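**Q** Right, I'll just put the structure down here and ask away after.
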């Protein structure tokens, strides 16, 4: 029976990748479509985990990765060759002549996405560790969970932040996500 669930998880991961491709092909980005597809990918991973643990997650991830590879290969093969010569300027790294530098905006984005988002990801991972410890997990298992979740949470946060328009909205996302683990960690200290 676990093999059947691995097939279901692999199919779910494949559908998530196809959904992401469709969402990213739209004229305007859709946060809802992206969130649904990433949620479906999370469901696929959960199915893989339930079916065969870490091995199941690896198999399900392999199905999604294979689908993404096929889509990228197909896009590379069918893409028309460019007629314009490549720009010597990197994409939006330096302003065009006479254009404002927007240095403070760039610095704010960097600070929100690197140190602040890293701190929030660490808080989320530590809160998950506290919950796992309270649920009776061993110390080693709780530590591994923390080490697994911190980079995963950071990557998901970076995706969410870079998809969010404006620095204030990015700061609100980080503040909202930071408040939950802070509350959990405070409750753990009081218990």
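Glycine is treated like the rest: Cβ placed from N, Cα and C.
The following feature annotations were taken from TrEMBL:
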- 6-24: transmembrane segment (TRANSMEM)
- 36-56: transmembrane segment (TRANSMEM)
- 62-86: transmembrane segment (TRANSMEM)
- 107-132: transmembrane segment (TRANSMEM)
- 144-162: transmembrane segment (TRANSMEM)
- 169-187: transmembrane segment (TRANSMEM)
**Q** Counting a contact as 3 or more Cβ pairs under 8 Å, with residues at least 6 apart in sequence, do the transmembrane segment (62-86) and the transmembrane segment (6-24) touch?
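**A** Stretch pair touches.
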**Q** With an 8 Å cut-off on Cβ pairs and a sequence gap of 6 or more, do the transmembrane segment (107-132) and the transmembrane segment (169-187) reach 3 or more such pairs?
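**A** Yes, the transmembrane segment (107-132) contacts the transmembrane segment (169-187).
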**Q** With Cβ-Cβ distances below 8 Å as the criterion, list the same-chain residues six or more beyond the ends of the transmembrane segment (36-56) that contact it, or say none.
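**A** Those are 2-3, 5-6, 8-10, 12-13, 15-17, 19-20, 23, 64, 156, 159, in sequence order.
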